């Protein structure tokens, strides 16, 4: 009987493994389809790979819904660990590695103002507005931590699609501002979100508020310094030991592992892995990259870009399938009036929150610029404002993360949040 029980368990395990293999095969095939179709649509600047992956994800979700008779729309089950540990690091590192450093640091003050100060302003407006309007709409009762989490989730922008239609050579100022703000903004939102989860905000007072602010700046500065130190350490090791004399593979492997180590060290010490790996990428591209052989330079450049590209397609493909999550739509369809009201309120708060810092901070920045070419024009300000309407993978991951760590009331609100996140991309 004991032997029979073991065989039954082994049979169940084998069936489960086979189902996982089938799911992975289907997902990899869809990734290949996204690349092929995206290549065919390459000339259309309004239809980039992320939008293609979203569309294919939605179509796949429809097929799965019909196949499973409305039970599910997913091939794989989303995990925030999968996103934050495996998918996000190559995307952010490549962003720092490929950035044009001269233009980035030339506008560094403006980028930090938009990405850090602006995110805090947007965060405050969205959290406060959500608290006021949700009560008037007779929404479920949420605590102060949930409202602050909503503010952090919707403060995380996604500028990937905007960058697809901008030319870095034709509009260097606008491109660097949108790109830089997007990265710093994501990092700030994650740091804010982590700081919110670290404190009991149900009984907030001046002491807790000061600790919250202090913790935020500590995370921001410490994460940046860790990335810089790791990048410099990699440059020193490669320069002194000169790996390229023996093997290009060792140089490339060391750069990849050191970059990933910086991210994991940040997570180990409860810092912001996004900021750490971003500045590690900048330092590596400026110091480490110039100490390796020519073949290693070509290899690392394309290797990092490829890993980032696959991770982005993976995320948007899943988000497309998640847009048809039957449980979320079943709840939303039970109260269409409330759904429309909540969606309208949140999108409006996003627009107001963006406008509250883009235009005033641009005005203050222009006062410090002497050259007209360095000033941010009104058309550029409108572009930056509108680009911030999009919400991407970081917002999705934070929403899932908050759902698992919050009150049961937030699980209901999460259905509205996911819908608004998708709506913001469609509108943009």
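Heads up, the Cβ atoms here are built off N, Cα and C, so glycines get one too.
In TrEMBL, the annotation transmembrane segment applies to 272-290, one of the ranges 196-214, 253-271, 272-290, 367-385. Looking at 302-320, 321-339, 397-415, the range annotated in TrEMBL as transmembrane segment turns out to be 302-320. Ranges compared are 2-18, 53-69, and TrEMBL records transmembrane segment for 53-69.
Contacts between the transmembrane segment (53-69) and the transmembrane segment (302-320): present, as 3 or more C-beta pairs lie under 8 angstroms, all at sequence separation of six or more. Counting Cβ pairs under 8 Å to the transmembrane segment (216-238), the stretch among 108-127, 272-290, 340-361 with the most such contacts is 272-290. In terms of C-beta pairs under 8 Å, the stretch of 20-41, 108-127, 272-290, 302-320 lying closest in packing to the transmembrane segment (340-361) is 108-127. Same-chain residues lying 6 or more positions outside the transmembrane segment (272-290) and placing a CB less than 8 Å from one of its CB atoms are 84, 88-89, 92-99, 101, 104, 183-184, 186-187, 190-191, 194, 219-220, 223-224, 226-228, 230-232, 234-235, 238, 255, 258-260, 262-266, 297, 300, 304.
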